[in-house]
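Here Swiss-Prot flags HIS96 as active site, electrophile. Marked as active site, proton acceptor by Swiss-Prot on the basis of similarity to another entry: GLU166. The annotation substrate binding site is assigned in Swiss-Prot to ASN10, LYS12 on the grounds of similarity to another entry.
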Amino acid sequence: MGRKFFVGGNWKCNGTVSQVETIVNTLNAGQIASPDVVEVVVSPPYVFLPTVKDKLRPEIQVAAQNCWVKKGGAFTGEVSAEMLVNLGIPWVILGHSERRSLLAESSEFVGEKVAYALAQGLKVIACVGETLEQREAGSTMEVVAEQTKAIADKIKDWTNVVVAYEPVWAIGTGKVASPAQAQEVHANLRDWLKTNVSPEVAESTRIIYGGSVTGASCKELAAQPDVDGFLVGGASLKPEFIDIINAATVKSA
């Protein structure tokens, strides 16, 4: 069976009660491809998770944007994987480049978080990606492989993992990796999984692209053989997110 297209919407630290209501209403009213064709997950800030989960159409799932690396306790400001499970939140985004850079989360720490979240029953969108300096130095694959290895070292079962390749230089900048650039990294990542994890994991694991994906760029990116979907930032707050979801039909055509 082929890899089902996956579209995640990362709302980041955005939204008010009324804005969230507008986004949810837009998604509920939108004509989107069937769940047989595309899996859709949106990730609002923690405070809006229960509201969005309750009001959003059932075929769109909800993700947290982060969770703590171990069981809850004296960790002020953190949210544990167990809390998310208790709320019925099925997904979590881990290792986003903004947390790696702004909060100094190391690859090893991200690997530990992924392993713990999976062990509690969450599904994980695990993010990897290089900076502009790293790309210009020709070390893209070295960086992405190191980040992926830190996850592979901690987990054995990849069933509930989606890998998101996010070139950091393309996040929020309006710059998009060309379809060829995205395909090259995705194919190399899949080869890395084949060699270092297993051919089965390489074949079944979805590798999605994140980095200024828009309604204008999504179809050409979706047509690439190793691009299995998107992790969308700013555009996931806008009506064009519907168009990005529907880029999944390029794969099923």
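Note: Cβ is positioned from N, Cα and C throughout, glycine not excepted.
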Cα-proximity to GLU166 (active site, proton acceptor), 10 Å cut-off, over recorded positions ASN10, LYS12, HIS96:
HIS96
Please report the Cα separation of HIS96 (active site, electrophile) and ASN10 (substrate binding site) in Å, rounded to an integer.
10
Under 8 Å Cβ to Cβ from LYS12 (substrate binding site), same chain, six or more residues apart: give me those in sequence order, or none if nothing qualifies.
PRO45, GLN65, GLU98, GLY233
If H, G and I count as helix, E and B as strand, and all else as coil, what does DSSP give for ASN10 (substrate binding site)?
strand
Cβ-Cβ neighbours of ASN10 (substrate binding site) (radius 10 Å):
26
Let me know how many other Cβ atoms fall within 10 Å of the Cβ of GLU166 (active site, proton acceptor).
25
